[in-house]
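Listed features, source TrEMBL:
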type	residues	note
DOMAIN	A:27-337	domain 'Glutamyl/glutaminyl-tRNA synthetase class Ib catalytic'
MOTIF	A:34-44	motif ''HIGH' region'
BINDING	A:ASP67, A:TYR212	L-glutamine binding site
MOTIF	A:268-272	motif ''KMSKS' region'
DOMAIN	A:457-533	domain 'tRNA synthetases class I (E and Q) anti-codon binding'
Amino acid sequence: MEEMERRSKNFIEEIIEKDLESGRVKEIRTRFPPEPNGYLHIGHTKAMCVDFGMAEKYGGKCNLRFDDTNPTKEDVEYVDAIIEDIRWMGFDFGDRVYFGSDYSEQIYQYAVQLIKKGLAYVDDLSPEEMREYRGTLTEPGRESPYRNRSIEENLELFERMRKGEFESGEKTLRAKIDMASPNLNMRDPVIYRIKKEPHHRTGTQWCIYPMYDFAHPLQDAIEGITHSLCSIEYVDHRPLYDWFLEKLEIPNPPRQYEFARLNINYTVMSKRKLRELVEKGYVDGWDDPRMPTLRALRRRGFTPASIRNFIELNGISKTASVADWGLLEHCVREDLNKNADRVMAVLKPLKVVIENYPEDLVEEFDVENNPERPEKGTRKVPFSREIYIERDDFAIDPPPKYFRLKPGGEVRLKNAYFIKCTGYETDENGEVTLVRAVYDPASRGGESPDGRKVKGTIHWVSAKHAIDAEVRLYDKLFAVENPDDIPDGSDYKDYINPDSLIVIKGAKLEPCLKDAKPEEKFQFLRIGYFCVDNKDSKPGNLVFNRTVGLKDTWAKIASKQQAGNG
RNA sequence: UGGGAUGUAGCCAAGUUGGUAAGGCACCAGACUUUGACUCUGGCAUGCGUAGGUUCGAGUCCUGCCAUCCCAGCCA
């Protein structure tokens, strides 16, 4: 691990190392605290990498803790999904799956202690009144008329709140801090509210629930968390976090540190927007491969390693930033280049007849599975008189520097033969429908028999051996870098990339793909990385999702030429 | 007009006692190539939000200013 330490330390690592050296903590304990109210998305993986990653790196442990203090928003459906996604990412929480709701009694007792110290009171203000009393950003708030109830009265009222003697919203328990604080979080924050709603874990056992600001530091304390790592918007909450721990005299209190959350261009991360895309049918569900949810990325073919590397390369800091989707693409390419087997697939087939090749002959060529990993061996690929090539690999009137197939031109069929185009047929629209060619038997295996240079090498599939498949070409969900920052009067949904999904029905694949399994990943030679869809693909009816295309220098050259000519 | 956080290249991001701007992505130019992929080589901030100041010397210290983001849930 040490020799891999090429990058400089981030500020959290500095803090942890200092704490370890000074003996402030003996062992690192962190927590990953999702609220089970939705699916995890790639933004959450940054928190995962920080929470689990720091524990991993420094020989500590990270707890998975569901932050479930609001029964109206949470559901077990999400806890199962979240656990599955974290496991898929490869993070280890052992048997340390905790629920904030399991600490209900302890948190309640802490609240009682606060009341006894004269540091909390039961308030009768309505939500509207409370907002008025809170003041504004520039004006101090006013104290509630109920602020000075006696400790005895507060104790009694709080107990009656617990017993269900009041209706939802009728009373709250508030910390008594400072209504004039410039930090609004310190203006007597509500720490308990009445919600007569069944909770997904505790049922109807409780009708009062602690607020995040009160529950979180105490949950951390109960679990012996040493470093409570969270995102930057909680900086303003830290004084409150510390206040509770101090007033309740928690020994060796946990400390909170904040880092910037992850934003990525060409997508949206807000739960509200993601939900809208799903509910209004702009995408095909939470696991639509264009979504930034983990289930979607998984289905699209992204690997946990590539996502973790993406987070790693982006780094941890406090700067509000927008990461580049292109870097994520780079990371999967890097992973899959090393790990995905190569295979030939023709997405837009154009038939080529090799006129001097025997009618009934079938040859099998040995083709290596992955040039990056010779140990992955070879496979047999059948070849015959009629093959399919990519429509883009033939041009009647090619642009300069085009070195694929053209009339009179010669090209290498990868691992097979050189062929020379002798003619072609078109339909009434001028579309090429068939290409005629002859092969050079001496070029068997794609070798140059006489040392002649054939610059172009293209992929192909034997027509009679090809299997059909549906191929879904996915691209960025949005056509603009920042769908959250668009002109007034427009809607972010107007900027959905119309080409974010292109479905190809009649793709022709080499036969070895027949038994490809869901989530299996391949490089379609010269095209990109593809993954067997884990939902719709069935034997005999294969569906492949494009994770990402290969880098395409030719496309760049061609578009430059076009720009130059236009 | 209150408080907090943050400003280093197109995008991330190092830079810890002041000593002359790491690295990655992207991009550009070459080499190699039976994937126009991969890999390799070279290029890419007289400049660190800005204006002053201290100093032999400032991204680092001081002062002022500007910009962006967060906060007025009985959400997390």
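Along the chain as shown, the residues are counted starting at 1.
Each Cβ is built from the backbone N, Cα and C atoms, and glycine gets one as well.
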Per-state residue totals over the motif ''KMSKS' region' (A:268-272) - DSSP helix, strand, coil: 2 helix, 0 strand, 3 coil
Around the Cβ of A:ASP67 (L-glutamine binding site), the count of other Cβ atoms that are within 10 Å: 21
Surrounding CB atoms that lie within 10 Å of the CB of A:TYR212 (L-glutamine binding site), all protein chains: 18
Collapsed DSSP category at A:TYR212 (L-glutamine binding site): helix
For the domain 'Glutamyl/glutaminyl-tRNA synthetase class Ib catalytic' (A:27-337), mean pLDDT (0 to 100): 98
